[in-house]
């Protein structure tokens, strides 16, 4: 399901008032679209591509209210469809950049604003948003095609420069996974990775009958606010660890790391990193700094410093002939106290401690 697609632009009945700060030249068009959602009987929507138009103007207005748009904002919208959300935003912001992959819907959106003062505030990018660089924007407001939910969220969170927030429509279960906490049945790799990089809040539920054509699942609107500055952690390294832990989130970490594929990967990485001798990993500097900041008392008690930690971690390593990575992995898990822990109940701080434990012994995940 996605907010994509759209319909032919037909103005609803004209009404008076309610221009709400819209420039004088736009009052007629604003009134015409004010409480009317447009749909096109002439377009066959491709539900397989997530083309489900948000048709309820009350839901549209609620999403815009929760986005707290500013007159100077540049807004990114993915899957504008017929423009029910787009037109309302154009009335309130400096510019909307709409990304649409379906040429038919691009034409419909252009027709909807053609000849109005809103046309100059709309920029349409045609193509797959996952395969193109994102432009500068202040906020992202979109009813996403649900098939691209996960990759788009992480493309968004790794985007620079930072944006203020994103108000996004997702499939209900996906939205609940984003906000799930340790111990929850829905808590997963998606949950912890998203919450590492952003503050996430569930804003409201949206029923399937608010869309045309209606999807088979219920939906939810979520607010995502990236952490600025971000945690100083190499995300690839972090995700490598989390991916292993959550393959079977109900298994103990001791069991999860006994996979032959995992052992082969970590053995290869260990030998590569050892061959670098004293070359310092930027990730370890970052993760050690974070860990020391979170656990200052522990390091004071051990009389350890960042410099000494780095020296211990990167002094030249001699690999014995009888070296077995499996034994080293289990030693790290035992020493850090996570051998019998399960990913389903571990939070961000737990994984930072565990990652630091592995890195300190020269074991890396990317």
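Cβ coordinates come from backbone N, Cα and C, glycine included.
Annotations in TrEMBL come from automatic prediction, not curation.
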Annotated region 'Disordered' segment (source TrEMBL; candidates 1-23, 24-46): 1-23
Across the domain 'Ribosomal RNA adenine methylase transferase N-terminal' (59-228), average pLDDT on the 0 to 100 scale: 97
Cβ packing number for residue 100 (S-adenosyl-L-methionine binding site), 10 Å threshold: 26
Fewest other C-beta atoms within 10 angstroms, as judged across 54, 128, which are the binding-site residues: 128
